[in-house]
Amino acid sequence: MDNRPIGFLDSGVGGLTVVRELKRQLPYESIVYIGDSARAPYGPRPAGQIREYTWQLVKFLLTKDVKMIVIACNTATAVVWEEIKESLDIPVLGVVLPGSSAAIKSSRSGQIGVIGTPMTISSNIYEQKIKRLAPQMNVLSLSCPRFAPIVESNEINSSVAKKIVYESMAPLVDRVDTLVLGCTHYPLLRPIIQNVMGLSVKLIDSGAETVRDVSVLLNYFEINRSREVKDKTEEYYTTASVLGFKEIAEQWLGEEVTVQHVDLDKELEND
């Protein structure tokens, strides 16, 4: 038993899609979440900057005495997950491998689509993981740089969002039977994406798939929390507007949440 919280980090609100799944599958676990919305999206940024920012988020979570870290951001996973995993003595999960495995299991035609940020797509990380596990699969990757900003600005139900998704997804329509949502922001656009791609296309939420691996590792390392839900804690931090984050978080999680603003430079300087 280990009653310490699980730490989640993301470039903004996207990682809440992973938290929602964790709360569904493992409702007794405590959570600390940090979203770097002030510097979102990470996707267009250079790798060195993404690495620096992600390490700041990791260091912040370590000050909260977390027992495990979930990098709930595909871009950060692509750039720095391996390095962080090797550097820490607690389990560190990324979201790419679970999403890749689920896509392989889902696809019948062998035609898999992947959408993500420019950095995730240019890194080729999904294609590499999928091909390593199943060389016969054909992977079609598409960068969708306008999706994460729509989510961060809470415009997911707008006509603009529908137009952008329709225009962006056109190259993949009728070409794949499985589509990996290779950014944790994208499940918030899931209804629109599904409508554009058609009901026959299976959408893979890489973040939700990751929670299954969280459960496996909790058991393996015997660091599950005692199943007393009443004593669990949830802390949510953002580097940007508390109100903006809170609005999206409450819509997505379906409950009231308390959000705190954090200045990472000051927080880590004082640590």
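Note that Cβ sites are derived from N, Cα and C of the backbone, with glycine treated the same way.
Sequence annotations record features per position, and here Swiss-Prot assigns substrate binding site to Asp10, Ser11, Tyr42, Gly43, Asn74, Thr75, Thr184, His185 based on sequence analysis. Taking Cβ-Cβ distances under 8 Å and a sequence gap of 6 or more within the same chain, the neighbours of Asn74 (substrate binding site) are Val95, Val96, Gly99, Gly116, Thr117, Thr120, Gly182, Cys183, Thr184, Ser206. Asn74 (substrate binding site) falls within a helical segment according to DSSP.
Under the heading active site, proton donor/acceptor, Swiss-Prot lists Cys73 (among others).
If you look up Swiss-Prot, you'll see Cys183 (among others) marked as active site, proton donor/acceptor. Under the DSSP three-state reduction, Cys183 (active site, proton donor/acceptor) is assigned to coil, being neither helix nor strand.
Cβ proximity to the substrate site centre (mean Cβ of Asp10, Ser11, Tyr42, Gly43, Asn74, Thr75, Thr184, His185, cutoff 8 Å) flags the following additional same-chain residues: Gly12, Gly14, Gly15, Ala40, Pro41, Cys73, Ala76, Thr117, Thr120, Ala148, Cys183.
The separation of Cys73 (active site, proton donor/acceptor) from Asp10 (substrate binding site), Cα to Cα, is 5 Å.
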